[in-house]
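K.L.:
Attaching a single structure in structure tokens format; questions to follow.
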Amino acid sequence: QWGDEGKGKIVDLLTDRVKYVVRYQGGRGAGHTLILNGEKTVLRLIPSGILRDNVTCLIGNGVVLSPAALMQEMSELENRGVNVRDRLLISEACPLILPYHVAMDHAREARWAKRPIRATGRGIGPAYEDKVARRGLRVGDLFDRAAFAEKLKNILDYYNFQLVNYYKVEPVDYQKTLDDVFAVADIITGMVADITTILDTARKNGDNILFEGAQGTMLDIDHGTYPYVTSSNTAGGVASGSGFGPRNLDYVLGIIKAY
């Protein structure tokens, strides 16, 4: 139960029956492989329901969101004729994964090569660290660019000090990071919505909602094979990662490897 159980495939099979598919934890490390009309698609951040025209996809506050990864995934889907922007909604409370998170991930794995955590190198762990430390930048910060630029400068000073002085690697460039984020900021903020309210309204309307986990149960930060785990709660993160009341969940489907 450390991944590759077929979660993405089962989600894809169930999406014909639902109106919403929700990602509530993890980052761009899901790696859900889907086959639709004979074409293979790998989704790492965007919910698997995006391939179904009848489904609205939601990214909840528990997901750490990489602007670069989101743009790449959107581009790949749109090039294949998938309507993403009108059917994907994002919580403003999603922490952002930025280049310094990725740099820190790689620096740590190199430093502790003899006993690595086997991180994906995508900055997911460091982004969750920033969230817990209450210093991270979030999607909602993109609405105020002046404030975002100031916050980015402060946090990048913090990261670059560690990268240069402890890990002995190159610092992350502030201006490039800022320019790259601002280049896609309008696209991201255009998809921001109140995910909790949408889910509550859907529940009251009797709409079917499917919550899509990104990792297996044994990778749960609290209940998995610590320390070789991910940085979030897997099944248990549904409520806190989306704002959906836990008592409103009426069915849980677990996917188990047969070998």
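Glycine residues also receive a Cβ, built from the backbone N, Cα and C atoms like all the rest.
Sequence annotations record features per position, and here Swiss-Prot assigns active site, proton acceptor to Asp4 based on sequence analysis. Here Swiss-Prot flags His32 as active site, proton donor, drawing on sequence analysis. According to Swiss-Prot, the GTP binding site annotation covers Gly3, Asp4, Glu5, Gly6, Lys7, Gly8, Lys9, Gly31, His32, Thr33, on the basis of sequence analysis. The Mg(2+) binding site feature in Swiss-Prot is assigned to Asp4, Gly31. The IMP binding site annotation in Swiss-Prot covers Asp4, Glu5, Gly6, Lys7, Thr120, Arg134, Gln215, Thr230, and the record cites sequence analysis as its basis.
On this model, are these features tucked inside or out on the surface, and what's nearby?
P.N.:
For Glu5 (GTP binding site), the Cβ neighbour count at a 10 Å cut-off comes to 17, with all displayed protein chains included. Secondary structure from DSSP puts Glu5 (GTP binding site) in coil.
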K.L.:
By Cβ count within 10 Å, point out the most packed of the binding-site residues listed: Lys7, Lys9, Arg134.
P.N.:
Lys7
K.L.:
How far is it from Lys9 (GTP binding site) to Arg134 (IMP binding site), counting Cα to Cα, in Å?
P.N.:
35
K.L.:
What same-chain residues, at least 6 away in sequence, bring their CB to under 8 Å of the CB of Thr230 (IMP binding site)?
P.N.:
Gly26, Gly29, Ile124, Ala214, Gln215, Leu219, Asp220, Ile221, Gly224
